[in-house]
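Reviewing the structure listed below.
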Amino acid sequence: MSTTSDFQTGERVRVAHQGNPQSSSLQADMDAKKALLSQNLNNGHLTARPPRTTGPGIKYGEKKPKKQKGSDDDDEDYVDETMPSEDEEDFDNNEEDEDDDDYEEEGPRKRKAPSKKKLVYPRENYRREDSETPEPEMKRIRTLSDSSDDEWMTKPRLNGSESPIGNVMRTQMAKRSAASKRKIVIDDESEDDFINDEEISEKGSGKGSEKEESEGSGKDSETEEVTMKQGQSLKAAMAKAQKEQKKKAESDEDWEEDEDDMNADGDETPSDDSDIEERRAKRGETKNQKECREFFNKAKKEDLLQQARINDKIADFVLANRPFEIYGAMVAKMKGVTRGTNAIEAYMEFLEKRGILSRILDDCKDHAHTVTKDFERCTEGPLQLPLLKEGCTLHDYQLIGVKWLIMMYNKDLNAILGDEMGLGKTIQIVAFLSYLKQIGKTGPHLIVVPSSTIENWIGEFHKWCPSIQLLTYYGSQDERKHLRHRVKKQKDHIDVILTTYNMVTSKSDDKKFFKNFSLNYVIYDEGHMLKNCDSERYRGLMKVKGKKKILLTGTPLQNNLIELISLMYFVLSKVFNKYCEDITHLLQHFKQLGPALDTKNKALYQQDRIEEAKAILQPYILRRLKNQVLGSLPSKSEQIIEVEMKKPQKQLYDNIVEALQQSEESGDSYGSLMRLRQAANHPLLRRSEYTDQKLDKIAKMLCLREKAYADKKWQHVSEDLAWLSDIKIHQLCERFRCTSKFLLNEQLALKSGKCEQLDVMLPEIQKKGDKVLIFSQFTSMLDILEVYLNIRGYSYKRLDGQTPVLDRQEMINEFNLSKDLFVFLLSTRAGGLGINLTSANHIIIHDIDFNPYNDKQAEDRCHRMGQEKPVHVTRLVSKGTVEVGMLALAKKKLQLEKQVTDGVKGQLDEDALRELKEEEGGEQCGGRDLSKLLSSAISGRYDDVEDDSGDSKNGIDAEEAAKKEDEAVKEPVEKEQQKEEESQPSTSA
């Protein structure tokens, strides 16, 4: 124990310190020297000091006044129990100290052993001979010290304050009183023993001793000249290194200031302190801070307004107060305007995100270079796929596609196979999975497909590679539960799991089922399901974990930011996660727009973002067109027929237009256009036959006769019926016997201009022995066409969203093989994706879509591999109706498609497709296009629709304008499909 002082109160406190276990060698030397000193005393070579009155230990008696010394003079006591107290001698007088100092000059300077009672050895015996046998190690007695200096022991500071005495090494005191000190010579082997416990711990952390030495060296103006010799202390060497490092830093700073002075203007003098401080502040700016300051100094007002959180008031304030010399001054000055600092923060955030995007682009450029180079090389040489069924041969372009997938697999990269519809993406995936099984990568792999294509996938696996063990996870809730129980015992034997989008994202039990597998590849067919990162479905699909992913899509990349960003994050989630937290941060960068952007500037801004996104996606997409790879594919001809509406139909249409002209409501453009489209297609899609009086009678009859309506008031039932179309009311009356007398005459199904045109076309097609596909956007229209076909006596099949999923492929196979079936009725949404109907070569689009790519998907159901006849496509348009405007808009978009050129790896460089837009299988139109179409329909003039129909199609605004209207259509369809899938029976292989 030792005593020291609390520097706040002056109170003496006891501080415990422990010996250093690493100082054993030093202790042994000292014990040997003590023994030698004791021997000399006993032999009479030295005179003993008069004995003290108290025993060994702490002496609290009267203290001898001591000479004022530095902190180095406060030493710790060492007491030898074997030495009697009367033999102790005080060698503190100045004469002996001078003699000792003379002796020290013979060798290197030695650090003094800290001791209040100095142990002095005879000069002739000062150095122990190597042959001398050391005495047994003496026990060290801990004593209390009167010293108030705790720093030399590296004890903790009291109350967080520094010791006023200073650090242990005070070099000016060493010069002044060197004669009064003895140094302990420490050789290389025992150098570490000089450091006490806390110094060892601080040295281990790499911080403590260096910090303490630098603090000590910074307080004193005079420094000790240290010679780097064998006996030099470790602390002295560290202090010198710290001092030299500090001098070098100061020298570098002075050199930079001198260089700035030389580069300054001629009239600037070194005495100009403000300029020097300004230059120092500028040197302290980060790269982004400097770029931000330069932007606010040089940008024009219109450029300022393009940035986020900058309005006219802030822009004017910037122009009035610039230039800003340093970033800090700019921030302080911008506090003078409301939300001025927010504008700076927003621009700094923009610079940060732009830097993130640049780093991502750099990563992708490396991938693009290697992928492009290896893609050219991978087309050379044969590819053996022995697991494919004998007799099944891939086309050359399909082999290239499989080789590309293998290359992406070897590079551990995700991929998007974007071949045009009809080029056999399914077959390429089956062949690729057979290759993985061939090399021992058995999976399991998960394939997620739309409900309408699940049977086609099953058929392709059995046809091309029956050796792959396929599990089809589908069916009702009870059947899926039973299937999950069965699979537990056979999990290791499954190569591929085939399921639908709703199965993956709907029920928690289904999600847990897929988590039980360590999935290798997750493959998504018809990738438009992953083109909207704002949807719940997208977020659910991204939670499906697999080592790698493949996306299949037949549609080209749209100039749509949401779609491109969604695909980017899907393909590059590992890359993006290094730079941003999730997709919302990525989305914010691309969506960041100023509040005052006009349409032109907004389009240019977003086009730049589109170019960036496409550049990122390039290495990961392979896209080929049919006209590039299928030279022998039969031709396809297209025609548009404008038909005259029947008089009652035209009168109904004109009544709707007149009502819209008189109406002041302009918000529901989508609903108004929908009413016009229904009237242009068939009058039964509106309510004209069932008058209000008939509806009252039907309502009263239902409430009187039917249990389902017994608790309802007939007035309320009548009001509900008033919102339905004629065909829906007719179908309701068919359900109940009591209302059968209110059924419509079936001949009304023939009373439309388009049905009359079918009377002209269908007989001619039938005479040629060809088959026909008829597509419609409305299931109600398909109901009317069924009545029409029954009246005319044509055999047909029908497929829409309500068709049981597992019945669909059976219907398709039956239609392709049967010679008696003549017509196939399909809804554009359900029948336009992933099905093969090459037995038909005539396509009739009964009612066109806002998006021409939806109609093109329908065309590709028969214009694809396996087609042997020329394909004829006919679009029916009611003359003088809103459909004329829709057709003009579609022509504009289809013309833009012709301007595309080939890009990397055959991918289309579809930069010209600015106005194209596609959302998850639904028809959709931008808000501005809806307004233009409605205005043209009301005025009856459609000449100006084509001129600038795409102005709002390039960005997110058009998307948001139609978002609410689209959700009203899309959500019920998705829920209905999900409910339908859960009610279907399951199959598993």
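Even glycines carry a Cβ here, placed using N, Cα and C.
As recorded in Swiss-Prot, the features of this protein are as follows:
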{"type": "BINDING", "residues": "Asp419, Glu420, Met421, Gly422, Leu423, Gly424, Lys425, Thr426", "note": "ATP binding site"}
{"type": "COMPBIAS", "residues": "72-105", "note": "compositional bias 'Acidic residues'"}
{"type": "COMPBIAS", "residues": "109-120", "note": "compositional bias 'Basic residues'"}
{"type": "COMPBIAS", "residues": "124-140", "note": "compositional bias 'Basic and acidic residues'"}
{"type": "COMPBIAS", "residues": "187-200", "note": "compositional bias 'Acidic residues'"}
{"type": "COMPBIAS", "residues": "201-221", "note": "compositional bias 'Basic and acidic residues'"}
{"type": "COMPBIAS", "residues": "241-250", "note": "compositional bias 'Basic and acidic residues'"}
{"type": "COMPBIAS", "residues": "251-276", "note": "compositional bias 'Acidic residues'"}
{"type": "COMPBIAS", "residues": "277-288", "note": "compositional bias 'Basic and acidic residues'"}
{"type": "COMPBIAS", "residues": "950-982", "note": "compositional bias 'Basic and acidic residues'"}
{"type": "DOMAIN", "residues": "406-574", "note": "domain 'Helicase ATP-binding'"}
{"type": "DOMAIN", "residues": "757-912", "note": "domain 'Helicase C-terminal'"}
{"type": "REGION", "residues": "1-288", "note": "region 'Disordered'"}
{"type": "REGION", "residues": "941-989", "note": "region 'Disordered'"}
{"type": "MOTIF", "residues": "525-528", "note": "motif 'DEGH box'"}
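Neighbours of Lys425 (ATP binding site), defined as other CB atoms within 10 A of its CB across all chains, total 23. Proximity of Thr426 (ATP binding site) to non-local residues of its own chain (separation of 6 or more, Cβ distance below 8 Å) is seen for Asn456, Trp457, Glu460, Asp525, Leu552, given in sequence order. The record gives Asp419, Glu420, Met421, Gly422, Leu423, Gly424, Lys425, Thr426 for ATP. Within 8 Å of the mean position of their Cβ atoms, the other Cβ atoms in that chain belong to Gly554, Arg864, Met865. In sequence order, Tyr397, Gln398, Arg624, Lys626, Val629, Leu630, Arg864, Met865 are the residues of the chain that are 6 or more apart from Leu423 (ATP binding site) and have a CB within less than 8 Å of its CB.
Cβ environment of Asp419 (ATP binding site): Gly401, Lys425, Gln428, Gly554, Leu622, Arg623, Arg624 lie under 8 Å away, each six or more residues apart in the same chain. Listed in sequence order, Gly554, Thr555, Lys856, Gln857, Asp860, Arg864 are the same-chain residues six or more apart from Met421 (ATP binding site) with CB atoms under 8 A from its CB.
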